[in-house]
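Enquirer: What TrEMBL shows for this protein is this:
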SIGNAL    1-41  signal peptide
DOMAIN    42-76  domain 'LRRNT'
DOMAIN    153-201  domain 'LRRCT'
TRANSMEM  209-230  transmembrane segment
Amino acid sequence: GHAVEKWLLRASAEHLRKGLDLHSWLRVSLLFLALWGQVFPQCPDSCHCAWDTATVLCSDAGLREIPEGIPPETVSLHLERNYIRNIPESAFSNLVRLRDLYLSHNRIDSLASGALQHLGPELRLLDLSHNQLRHVSKEEFGSTRAKTRLYHNPWHCDCTLQELMETLNLEPETVNGIICESSHAGQPLVKLLDSGVNFCSLQRKTTDVAMLVTMFVWFFMVIVYVVYYVRQNQAEARRHLEYLKSLPSPRKTPTETDTLSTGF
């Protein structure tokens with residue numbers, strides 16, 4: 001960029017010295033700059049771009065979100081040591097050539113649904129270490145087979161994380177750094193799984209117990225209602241019977257008495 005500016009300044013001074021039309025020269029210069037921008041895209045603010053290696057360096061830049069305008073040709077993207085908190089769904093949607101994505105030492109605590117699904121099969125390394133991740137699922141990572149770093153995050157170990165561990169291509173050297181913080185605190189997740197702990201079976205058992213309790217409560221409420229209904233009907237029947245008993249018995253008329261006497 002600086003070399004181009006110096007060249008334009010020198011060329012402008014030369015053309016002015018020769019008395020050429022300044023307006024014509026400006027038109028040519030603007031056209032040249034437009035063509036230059038197409039060949040060499042702009043680098044995002046607060047970042048440094050190495051065009052020869054297609055590397056974008058945004059480390060230690062004080063960023064609070066993923067910068068806009070990352071060149072689609074980027075192969076290696078460095079965003080480590082910033083203040084980024086979340087990864088939106090479309091953050092890397094146009095980086096189909098990306099091979100290395102460094103997001104370590106940020107404050108990332110959430111990934112949008114499908115935030116990493118747009119990363120192509122070229123991705124070789126995904127570094128999410130040293131962040132604030134507690135809950136993530138395999139849907140947020142898509143089908144990536146990149147070597148993944150997830151250590152030094154305050155993980156809540158559950159069935160979702162277990163399924164993620166079984167899906168991702170975790171870096172072997174750092175897998176022991178995935179530590180449970182809220183459940184089985186201080187224990188490496190991989191060691192718990194190796195020892196026979198199965199968070200998914202525990203979750204299913206918990207779900208089964210909850211269903212049994214729910215069914216028992218429902219059955220108990222039905223019984224209580226039936227008993228109440230029967231007792232109410234019995235009370236109504238007793239009241240009706242008592243009412244009938246309280247009515248005066250009908251007296252026989254003289255005609256009925258004579259008829260009965262004659263009959264005998």
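Yeah, the Cβs are placed from backbone N, Cα and C, and that goes for glycine too.
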Enquirer: Mean pLDDT, the domain 'LRRCT' (153-201)?
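Expert: So the average pLDDT across the domain 'LRRCT' (153-201) works out to 91.
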Enquirer: Over the span of the domain 'LRRCT' (153-201), count residues by DSSP class, listing helix, strand and coil in order.
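Expert: Here the numbers are 24 helix, 6 strand, 19 coil.
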